[in-house]
Amino acid sequence: MTDKPGIVITGASGRMGQMLIKTVLDSDKAELAGVVEREGHDWVGQDIGIAMGGAALGVVVTDDAGSAFAGAQAVIDFTAPQATIAFSKLAAEAGCVHVIGTTGMSEAEIAQLDPAAQDTVLVRAGNMSLGVNLLVQLTKKVAAALDEDFDIEVIEAHHHHKVDAPSGTALMLGEAAAEGRGVALAEVSDRGRDGITGARKKGDIGFSAIRGGDIVGEHDVLFAAAGERIVLRHMATDRAIFARGALKAALWGQGKDAGAYDMIDVLGL
């Protein structure tokens, strides 16, 4: 037995799933308690080490999330919205900290996480890296300092496998800019321009998405006025930064009161 928190990774076969597994295995502060994949996946029933092309680790991939969560201390979840909602209920029942990096969730889907946060620690963020969360804070401060003579645009780039746009990080940055200006993002968001769109509406916050190659993640927040521009930028070159941040959140959540938290809370920013 060990006093290290046991971590379950969902979506084990995905890019982030495998990176999370490696991060937990490399950590001296946590242990891998379980791995989950969807029903019917080729990995189900295999030892995760062998499934990932290495030596056996004694942890078998399961499609029974409830059983995997039982006895674990945290779940790290980078999957899909409906899966995350289901996992949130199971994590709450098991008393596991639930760290959510799933993106592409609608406001209605996010609201479905609220009941779980009444019973356990739920940490959700569109991006788990320290650098991006610092960028969020900077964006809020710059937006608050500048008036609407500065147009705000959020430009993001990701690999060609990414299925949602704008990215969760781009939306975090847009929310920060809107908060800095004291407005609701939903009222000023401009997510698509094509054809004869007319002049840019003053006060809008625009979004542009690029998809190509193996780009891990790049985000620019542009403040553009007549005669000058300010650009705040973050470039991720290794998705390990997201895995390290997620593990940090899982460890931070141990012993905390039930509730909904984000990486700003985890990092104390």
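Placement of Cβ uses the backbone N, Cα and C atoms for every residue, glycine included.
Quantities reported herein were computed from a predicted structural model and do not represent experimental measurements.
Feature annotation from Swiss-Prot assigns active site, proton donor/acceptor to His158. Secondary structure at His158 (active site, proton donor/acceptor), taken from DSSP and collapsed to helix, strand or coil, is strand.
All protein chains included, Lys162 (active site, proton donor) registers 16 other Cβ atoms within 10 Å of its own Cβ. Residues or ranges marked as active site, proton donor by Swiss-Prot: Lys162.
The C-beta environment of Gly11 (NAD(+) binding site), restricted to residues of the same chain at least 6 apart in sequence and closer than 8 Å, consists of Gly17, Val36, Glu37, Asp77, Phe78, Thr79, Ala83. Under the heading NAD(+) binding site, Swiss-Prot lists Gly11, Ala12, Ser13, Gly14, Arg15, Met16, Glu37, Gly101, Thr102, Thr103, Ala125, Gly126, Asn127, Met128, citing sequence analysis as support.
The feature NADP(+) binding site is assigned by Swiss-Prot to Arg38, with sequence analysis given as support. Of all Cβ atoms in the shown protein chains, 16 besides its own fall within 10 Å of the Cβ of Arg38 (NADP(+) binding site).
As annotated by Swiss-Prot, (S)-2,3,4,5-tetrahydrodipicolinate binding site applies to His159, Gly168, Thr169, with the evidence given as sequence analysis. Around His159 ((S)-2,3,4,5-tetrahydrodipicolinate binding site), the same-chain residues six or more apart in sequence whose CB sits under 8 Å from its CB are Arg211, Gly212, Gly213, Asp214, Ile215, Val216, listed in sequence order.
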Surrounding the recorded (S)-2,3,4,5-tetrahydrodipicolinate site, with Cβ no more than 8 Å from the Cβ centroid of His159, Gly168, Thr169 and those residues left out, we find Thr103, Gly126, Asn127, Glu156, His158, Lys162, Asp164, Ser167, Ala170, Gly217
For Thr102 (NAD(+) binding site), the closest of the recorded positions by C-alpha position, picking from His158, Lys162, Gly168, is Gly168
Nearest by Cα to Arg15 (NAD(+) binding site), of the recorded positions Arg38, His158, Lys162, Gly168, Thr169, is Lys162
Quick note, Thr169 ((S)-2,3,4,5-tetrahydrodipicolinate binding site) and His158 (active site, proton donor/acceptor): C-alpha atoms separated, nearest Å, by 11
Taking every pair from Gly11, Ala12, Ser13, Gly14, Arg15, Met16, Glu37, Gly101, Thr102, Thr103, Ala125, Gly126, Asn127, Met128 (the record's NAD(+) binders), the biggest C-alpha distance in Å rounds to 22
